[in-house]
Every structure is written in structure tokens, then in C-alpha cells.
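Here's what Swiss-Prot has on this protein:
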DOMAIN    11-204  domain 'Lon N-terminal'
BINDING   GLY356, PRO357, PRO358, GLY359, VAL360, GLY361, LYS362, THR363  ATP binding site
DOMAIN    592-773  domain 'Lon proteolytic'
ACT_SITE  SER679  active site
ACT_SITE  LYS722  active site
Amino acid sequence: MNSERSERITIPVLPLRDVVIYPHMVIPLFVGRQKSIKCIETSMSNDKKIMLIAQKEASKDEPTPKDLFDIGTISAILQMLKLPDGTVKVLIEGLQRAHIKNLTNNGEHFIAEVELISSSNLLDKNQEVLIRTTMNQFESYIKLNKKIPLEILNVLNNIKNSEKLADTIAAHMPLKLNDKQSVLEIRNINDRLEFLMAIMESEIDLLQVEKRIRHRVKKQMEKSQREYYLNEQIKAIQKELGDMDEIPDENKILKRKIKSSKMPKEAREKTELELQKLKMMSPMSAEATVVRSYIDWMIQVPWYLKTKIKKDLQQAKKILDIDHFGLETVKDRILEYLAVQSRKNKIKGPILCLIGPPGVGKTSLGKSIARSTGRKYVRIALGGIRDEAEIRGHRRTYIGSMPGKLIQKMAKAKVKNPLFLLDEIDKMSRDIRVDPASALLEVLDSEQNMNFNDHYLEVDYDLSDVMFVATSNSMNIPAPLLDRMEIIRLSGYTEDEKLNIAKRYLYPKQIERNGLEENEIKITDSAIISIIHYYTREAGVRSLEREISKICRKAVKNLILDKSLKHIEINSKNLKKFLGIKRFDYGKIHGTNQIGQVIGLAWTEVGGELLTIETTCVSGKGKLTYTGSLGEVMQESIQAALTVVRSQADRLGIKKDFHEKHDIHVHVPEGATPKDGPSAGAAMCTAIVSSLTNNPVKSNVAMTGEITLHGKILPIGGLKEKLLAAHRGGIKTVLIPYENKRNLEEIPKNIIEGLNIHPIKKIEEVLKLSLEKIPYV
């Protein structure tokens with residue numbers, strides 16, 4: 001080392017990787033690079049002084065001057081040892097900081113002209129406080145950082161030089177390379193100590209968080225280990241007492257159940273994998289409960305077990321006839337399915353959809369189909385379901401997740417070929433966010449449901465053996481879903497059917513439910529018919545059953561209060577005592593023929609209804625008014641009917657300018673009830689003609705049919721329901737579109753025989769049959 005000026009020297013430079021040497025440090029170094037070895041040899045041949053400086057990037061084997069920091073440490077080589085592998089081990093002691101002013105490469109190693117750095121002293125008033133604070137903080141730090149021995153505190157307490165104290169603290173802290181270099185480069189001791197305190201404060205915060213985490217983990221592990229230890233102790237005690245012989249191993253039980261369930265390969269492999277996970281878990285852990293629940297569901301779901309389908313058509317027909325009166329179309333369809341089943345063992349289960357008004361027996365019919373086919377009966381109420389997960393199940397990532405209702409019900413049935421009743425399929429909630437009906441598309445597609453995937457099970461499940469029967473009050477079902485089902489319509493019951501149903505099913509059921517004996521009460525046929533006429537007006541029989549139940553309750557009360565009373569007979573004469581005043585007028589719609597008042601026939605979701613249409617013509621300026629919560633289609637029917645009347649005004653004896661001098665008001669009573677549909681066109685036209693010509697409409701005539709501008713009557717839907725409504729209402733004559741004549745074959749004979757039905761083609765026929773006087777001149 002040659003002295004150039006008092007504060008500058010020339011010295012060999014040794015680059016270091018990931019190491020920063022501070023003054024007063026004694027540290028061994030292993031040197032392997034040839035240039036570094038040459039540098040050490042040069043130093044040893046002179047005064048054993050060397051400049052140690054850190055590389056900015058440790059990955060570079062051949063660093064350039066740009067790859068080295070500017071400030072390093074002048075050090076002395078205390079010992080050098082050449083190792084057999086060619087590397088060199090040296091013991092170094094740091095002496096003083098130095099700043100490189102000029103760095104060159106002489107071909108063998110780096111040589112630098114450096115300027116020695118003298119540290120600035122602390123002010124006396126700050127020295128003691130700063131050192132004490134630094135020491136306290138470092139003590140807190142090493143108590144949290146278990147890697148630094150506590151003995152270092154004794155060493156630090158004996159250091160009186162603040163510069164040496166700062167460098168010693170930095171040397172014992174696991175700092176990043178840039179932070180180590182920053183400590184080396186800070187010349188002011190005050191700043192250097194404050195920098196170290198800032199780093200220690202940050203590290204203490206992190207170490208405290210780590211300590212809390214370690215404490216929680218340790219506590220949890222101790223709890224799990226304690227539970228495991230106690231469980232093992234219990235097992236050992238039970239074994240000593242001989243109780244373990246009676247308690248078989250749970251894992252063996254589950255493995256045996258998995259094998260006996262005869263799952264498909266995919267499901268079995270999935271379940272066995274979960275069982276392996278369960279073996280490695282603590283029995284008391286939350287995750288073990290989740291896995292155990294999954295395995296239980298996989299075992300409970302029926303994978304192969306089936307009930308034997310009955311193939312005796314005569315017995316099946318007998319069961320259907322016993323359980324339900326009428327409904328021949330549905331019964332025929334079930335018998336057709338059983339007939340094919342008797343010829344071919346494997347056929348896809350039919351997917352039927354029973355559509356009809358409330359109370360006609362759709363749900364109870366599902367039970368009868370199950371009985372007649374020998375299947376187990378399973379029912380899901382779909383009304384109000386708004387989440388797809390109710391059908392497909394929840395994924396196991398969610399807390400409290402379960403399979404969907406389909407899989408739950410299949411597990412409850414314990415066979416894979418039950419009859420599945422999807423009740424009220426039209427009542428599922430739908431909006432822009434959720435559509436549970438879409439989840440049923442796969443279920444109700446016989447080509448796809450053999451691979452139904454429940455989100456909880458995560459494996460395919462075969463639903464192709466299930467017989468699905470859906471029920472609905474209307475056709476308000478998504479088109480893709482409707483397309484997958486075979487639609488069977490159930491119309492309302494006739495009076496004779498209601499009488500038979502009441503006598504065969506409703507009356508005996510209510511006697512039993514209310515604790516009556518058959519010899520204590522008798523409800524005559526005349527009483528039942530009076531209930532049908534005057535106390536109910538419905539397509540089904542629910543209200544009829546409620547009225548019979550009401551009679552039975554009052555009969556029980558009378559028998560208990562009057563001990564002398566042994567038998568009660570209810571007939572049409574004393575019915576009022578049990579049910580009160582009549583609620584409806586049967587066969588008395590208007591009583592007398594009236595001008596501008598026509599009886600139309602309407603279809604609703606609960607069956608057919610009689611629809612009164614009123615029209616009044618007054619002097620005015622040609623204003624047309626319609627009231628009664630009428631929909632757009634019905635409003636258009638009124639306008640079409642008015643145009644027909646204007647086009648035939650001459651023939652009807654009406655002045656041509658009537659529409660300019662008269663205001664016409666069309667009203668449909670029960671204004672709070674919305675009404676719509678095209679089938680009231682003929683009735684609207686008849687009411688307008690009656691009002692304009694002062695020609696009364698016959699009160700015993702009802703009509704239905706859409707009208708065109710040329711007076712043609714177009715066909716309508718729901719004819720059976722409308723004719724049943726006319727029959728219930730005591731109507732004698734019904735006018736229907738001519739093209740609906742073919743639908744009369746579906747109407748019960750007693751209804752057709754009780755009505756005078758006229759198929760009509762033109763409005764002229766309607767007016768001639770419905771008005772008192774022949775309107776045409």
C-alpha cells in the first residue's frame with residue numbers, strides 16, 4: 001500500500017457477494033474466484049491491507065467497476081489458508097471506512113485509490129440518551145428474534161465507543177444487502193443509530209405479529225394433540241375393559257359401506273379418496289366433519305337398488321279407478337307406459353306434466369301412479385324456489401353445504417327408480433339474476449339425465465330410471481322446460497263427477513277425520529248437489545271438501561251437546577242450518593232478458609268462468625269507453641266488434657251515423673279483476689247490437705268466440721272448461737265457434753246432453769240465436 005496524500009491511499013480491492021464488512025468486525029471469508037485469490041496474494045506480499053467492497057448484484061462472477069458500491073471497508077488479513085480444492089480461507093478484521101475515488105483493473109485484480117472516512121463524533125448531551133435507547137430497542141429485538149444469542153448484550157454493554165456499538169449491532173442483525181450498505185455509508189453516528197432504531201422498530205412489529213401467529217398455531221396444535229391423546233387413552237381404557245371388541249373401527253365400517261353401495265367407478269374412487277383424507281384428520285376437527293358428511297351422503301344415495309315395477313295392467317287400472325274418479329286420459333297414458341314396460345325391461349321413464357286448475361287431483365294422482373306402478377313416491381314442492389342450488393346443490397366450499405333437493409329426496413327414497421312429483425312447477429321464482437327452471441332442463445331431458453351432476457357430490461348421477469311427474473295450474477312454464485314434458489290437461493269436474501267424488505272419497509274421509517261413526521251422520525245426494533250449486537263455484541273439489549268438513553264439525557258439536565241425539569241427516573232442506581245462507585245463485589244469471597247485457601265464457605287458471613258484458617248507448621259525439629280492467633287484446637276486440645256493427649248497420653236497422661251521435665260504454669263487472677283475451681269478440685258485438693237496437697239478449701244464452709272485421713267467428717281455447725262453467729251456471733244454450741266442433745268429443749256426454757250447443761261460423765248466426773227478435777231487416 002503506497003501513500004499518496006495524507007487522506008488517500010492506493011490499495012487492492014476484493015469484491016464480496018452478499019457480505020458487508022464493518023470496522024471492528026472479525027470474520028472468516030472463503031474466496032474462490034481467481035481474481036480474488038490474486039488480490040489476497042498481492043495483499044499478503046505487501047502490508048496485508050485490503051479494501052473489501054460489496055457487489056450490487058451477487059449473481060455476477062466477473063463484476064465491473066459499475067457493479068461495485070463506492071464505499072467499503074479497509075481491512076487487515078489476519079490469517080490465510082489454502083484449501084485442497086484450490087480455494088482460499090482468510091480471516092479478516094475490518095479497520096476503517098473508505099470511499100473509492102478511482103477504481104482500475106490491472107489485469108489480475110482491482111486496484112483503487114481510496115479516501116479514508118473519519119466518523120463524526122456525537123454531541124455529549126445526546127450520546128448517552130441515544131446509546132441507551134438503541135440498547136433498549138436492540139434488547140427488545142433479540143428477545144423476539146431467537147436467532148441472536150442474549151450473550152451479545154454483555155458484549156455491547158462493554159463497548160464505550162458509539163461508532164463501534166452501531167457497527168456491532170448492525171453486524172448482528174439479519175439486514176438486507178442495501179440496508180447493510182446504508183449503515184456503512186452513513187457517516188454521522190447519530191444518523192446511523194437512528195437508522196438502526198427505525199429498522200429495529202419495523203422488525204419488532206413484524207416479529208410480534210409472527211409471535212402471535214405462532215402462539216395461535218401452537219395452541220391449536222396442542223388442542224388437536226390433546227384431543228388425539230385423550231381419544232387414544234379412551235381407546236386404550238376401553239380395550240383393557242374389553243369394550244373395544246364391541247366398537248368396530250369407523251374407517252373399516254365406512255370402507256365396507258362404500259363397497260356394498262356398488263357405486264360407479266368414478267364415484268367410488270372419489271369417495272375412497274375422501275376416506276383417505278378422513279383417516280389423516282383429527283376426529284374432532286371441523287374439516288373432518290365436512291368430509292364425513294360428504295362420505296355419508298355418497299353412501300346414502302341409491303346407486304343400484306331398484307323397486308320392481310308392477311306389470312299387471314288390470315291391477316294397475318283397478319288402483320287408479322279406486323283412487324280417482326274420471327281422469328281417463330291420464331289413466332290411459334299410465335297404462336300405456338306399463339304395457340310397454342311389460343314387453344321391454346329397459347325403457348326411459350316418461351316425463352309427464354299434469355296441467356289443470358286447483359283441486360282437480362293432480363298431486364294425489366301422482367301418489368296413485370306410484371301405487372299402480374309399484375314405485376316409491378317422492379315429492380318436491382317447487383313453489384317459491386328461487387335458487388339454482390336448491391336443485392343442483394351447494395358446492396362444498398360453502399359452510400353448511402348440502403346436496404340439492406333431488407339428491408336429498410333420492411337418498412330418502414333409497415331406490416333409484418321412484419316416482420318423482422315436481423309439484424307446482426309453474427310457481428318457481430324467476431328474475432334476471434336467478435332461474436332455477438334452467439337447472440331442471442338437464443333433469444327433465446331423458447337424453448341427458450343419466451349424467452346429472454350435483455354440485456355437492458361432484459360426480460354424475462343417473463336419473464334415467466326415475467319417473468318424473470310435474471304439476472302446474474297453467475302453461476306459464478319456460479318454453480325449453482315445457483318442450484321436455486308430455487302435457488296432459490286435467491279440466492274441471494262435472495256435477496256428476498263432483499257428486500261421485502264427494503260420496504266415494506271426501507265424505508268418508510271427513511267422517512274419519514272428525515271422529516264420527518257412519519251411523520251417526522248421513523249427507524244425502526240432494527244435500528251434496530245443493531252444496532255444489534249454491535255454496536261452491538270451482539273447477540276442483542277443495543271448496544266442496546271444506547263445506548263437507550264444516551258440516552261434520554257441526555254435527556259432532558250437536559251430538560256432544562244433545563245426548564238424546566243419536567243420528568243426524570243433512571238434506572237440501574236443512575242444509576242452511578249447517579252452512580248458512582246460499583253464496584251463489586245457480587241457474588239465475590240475469591233472471592230476465594236485458595238490453596245490452598250478454599253472458600260470455602272465459603278461461604282462467606282455476607277453470608272456466610261466466611263473464612257478464614254490459615253495453616250502454618247514450619247521446620254523444622261518438623266516444624267509445626271501456627272499463628273493467630280490460631287488457632289490450634280485449635280492448636281491440638271491442639274496436640273490431642264496433643267496426644263489424646258499423647259495416648252491417650243498414651242490415652241491422654241502425655242509422656249509419658250512429659257512431660257520430662252516440663257514445664258507447666262497454667263494461668265488464670268486477671272491475672278490480674284484470675281481464676284479457678280475444679274470445680269475447682262475439683259477445684262484445686252482440687252487446688253493442690242489443691244496445692243500439694233496443695233488442696234484449698236471452699238470459700239463458702252464453703257465447704264464446706273471436707270475431708274478425710268481416711264477422712267471421714274464429715276458434716278459441718279452453719272449450720271444455722268454458723262448457724263446464726256454463727253447465728255449473730245453469731246456462732241452457734251455448735254458442736261456440738264452428739271450428740271448435742271437433743273438440744266436443746272430449747266433453748263428457750252428460751255435459752253435452754245438458755246443454756244446447758250451437759257451432760256458429762258468422763256473427764249473423766250469433767245475433768239470430770241470442771237476441772229476442774231477429775235483428776236483420
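Backbone N, Cα and C atoms are what each Cβ position is placed from, and that goes for glycine too.
The 10 Å shell around the Cβ of THR363 (ATP binding site) contains 16 further Cβ atoms across the protein chains shown. Looking at LYS362 (ATP binding site) and LYS722 (active site), their Cα atoms lie 20 Å from each other.
LYS722 (active site) and GLY361 (ATP binding site) are 19 Å apart (CA-CA, integer value).
Spacing of SER679 (active site) relative to GLY359 (ATP binding site) is 25 Å (Cα to Cα, whole number).
Residue pair THR363 (ATP binding site) / LYS722 (active site) shows a Cα separation of 23 Å.
Mean pLDDT, taken over the domain 'Lon proteolytic' (592-773), works out to 88 on the 0 to 100 scale. For the recorded ATP site, residues GLY356, PRO357, PRO358, GLY359, VAL360, GLY361, LYS362, THR363 set the reference point as the centre of their Cβ atoms, and the other residues of that chain within 8 Å of it by Cβ are LEU354, THR471, ASN473, LEU490, ALA539, GLY540. Cβ environment of GLY356 (ATP binding site): LYS362, ASN473, ARG489, LEU490, SER491, GLY492, ALA539 lie under 8 Å away, each six or more residues apart in the same chain. For LYS722 (active site) paired with PRO357 (ATP binding site), the C-alpha to C-alpha distance reads 13 Å. PRO358 (ATP binding site) carries neither a helix nor a strand DSSP state and counts as coil.
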